[in-house]
Amino acid sequence: MASKNGPVLPQPGKENILITSALPYVNNVPHLGNIIGSVLSADVFARFCRARGLPTLYICGSDEYGTATETKALSEGVDPATLCAKYHALHKDVYDWFRISFDKFGRTPTDEHTGITQEIFAQLWKNGFIEERETTQAFCAVPEHNTFLADRYVEGECSICHDLGARGDQCDACGNLLDPMQPDKNAAGEDESKGTGWLINPRCKLDGSTPERRKTKHLYIRLDELNQEITAWLDRVENGWSANCVAITRSWINNGLKPRGITRDLKWGVPIPKGLEGLSDEEYANKVFYVWFDACIGYASITKCYTDEGNLEGRNWEKWWKNPDNVTLYQFMGKDNVPFHTIIFPGTQLGTKEKWTQVNHLSTTEYLNYEGGKFSKSKGVGVFGNNARDTGIDPDVWRYYLLSRRPESGDSEFKWEEFIDSNNNDLLKNLGNLCQRVVKFCQAKLDAKVPAYPTTPIASLDEYKEEINKLLKEYNEQVKGTKLRAGLVTVLSISGVGNKLLQDNKLSNQLLTEEPERCNAVINFALNLLHLIAGVLTPYMPGTAQSILRQIGLKAAEGETDIAVVIPDIWNPNVLKAGDPIGTPELLFSQIPAAKLEEWREAYGGEELRKQKAIEAEKAAAKKLQREKEKEKKKAKKEKERLAKEQAAKEAATGEVKELPLR
């Protein structure tokens, strides 16, 4: 969304807002939980900031490097670049349909990304925050392969649950972290492992051969050496973060930060830079940076692709990313991404000893579940981005529902019944009713022009204005504080005041006949209120807001596609002037038939969801039975102890010793 005058850049003396949403990994289609967790939430905030007149840049893009991409490409029979191009386009298409207003939705496999990542690493190496470690790793000696294997390229039997399809990083059957091979013992006789188990009879995923154990070197970032700086930085900024975000971050700090590996034996990734003093080019010739190390750097590199398009030597991106005194950074993500944004990336920035823009406000979400189960693409359970479009329901209705259920303080649930109800009641009967009544009445009874406000003010309307401004103040505070659910509730409250205005004044032909001045005042007030509602609704439902603006007679400026929107501090009902023509009434929303409930439930995982729920119910029943057995066991133990005490007391009293009966 670059302006006609070039890319958006920070402006001196203004509150400059930099917004990122977690880069989605492009090996699948995003589901609704992915969308509300990052890109949609960030979009609401970006649209709000723009409407408040703040210089705003919203950056996102596809995270494309790593083992998961390589393995997905193998399964689809294509190379990683082809796979990523396919899924990048799918993601972009989904986000475009959801009306996500990125300034730039970029990608990580770019020269800009490689350059910035290698620059940052070189500074960390120079400053002593990188160390080399020798480790034992699986090596495939088959001549056609002849390389060290990333963990996911090793498969075998889980040593814990003995599932035969476990991977070298994790067993999906039991959920435990694994090592690809049984770990060595260190000098103290302890396992040098990252997981709780390992693979029995490991084999190479590519050719089925048994891998060898060989020594190799990898690079680690010294988070332990950066611990003090990271902690001091956290103390300064964490007040602007979600509670769950603070809890996750502090647990990492409390457990002690340790060196973390940042290289992998892959081809698809950012290569290790050559020519650094003390670092062997040959040793790392076939290694790349681990995706979690370079992914967050993608925010800066994608910004560079936007601000310095085509100019690898350009440094406009630094006006956003190395300007902490003039730029405020907001980041949006699901809770599973928190440590990368609050420990690892900030630690990386601090380790360069350069003046970086670091996150000031971090808004994280919990999980969005689906109809009592979980989203699963492989099993066809849940609504994914492309499915939402297939329903034929406008994107704004989807935006409204997801934002009204945004999992801000705990997990939330997608339910078809609630989705239909939110459209038919929250939207149609409140917002839709207000707009239709006001615009239709003005068109039919007042020559489709804004009526004149009476020269003598009508005192009762001041009460509505006062209430609306009170709600507007709350709204601005809520959205600026990333309390997005609360902000949406306030939008409907403002609309509710408009409906009350019509009801209290009994808007009708009779009012027009008997009290024409009051009728004109009510319509004038209501039309101006619709203008305000379109403004505060824009962050949440931009298409609906544009429809309202068209209906009250506004048009886009020459060369623009959208009508300009401003969210004020204080509202006055004077934007639309007497005699201004209004537009043509449009239906904001349509009734969703009740029959759609079962149709959509069945279409998006009905049978599989029932199986999933049955399995979960069996697990819950088994756990309950186990708890009951444990309870009975404890009860029996207490009873035995009680009898033993009684027996001991009798023996002490009588001097006799008797054996207790076996139980």
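Cβ coordinates come from backbone N, Cα and C, glycine included.
Positions annotated as domain 'Methionyl/Leucyl tRNA synthetase' by TrEMBL: 17-438.
Per-residue confidence over the coiled coil (458-485) averages out at a pLDDT of 95. Taken from TrEMBL, the feature coiled coil applies to 458-485.
Marked as domain 'Methionyl-tRNA synthetase anticodon-binding' by TrEMBL: 464-607.
Here TrEMBL flags 620-649 as compositional bias 'Basic and acidic residues'.
Residues or ranges marked as region 'Disordered' in TrEMBL: 620-663.
Assigned with DSSP, the residues of the domain 'Methionyl-tRNA synthetase anticodon-binding' (464-607) fall into helix, strand and coil as follows: 86 helix, 1 strand, 57 coil. Among residues of the same chain six or more beyond the coiled coil (458-485), those with a C-beta under 8 A of the stretch's C-beta atoms are 41, 44-45, 48, 52, 242, 330, 332, 361, 363, 403-406, 408, 491, 493-494, 497, 500-501, 504, 517-518, 521-522, 525, 529, 532, 536, 539, 567-573.
When the compositional bias 'Basic and acidic residues' (620-649) is classified with DSSP, helix, strand and coil residues number 30 helix, 0 strand, 0 coil.
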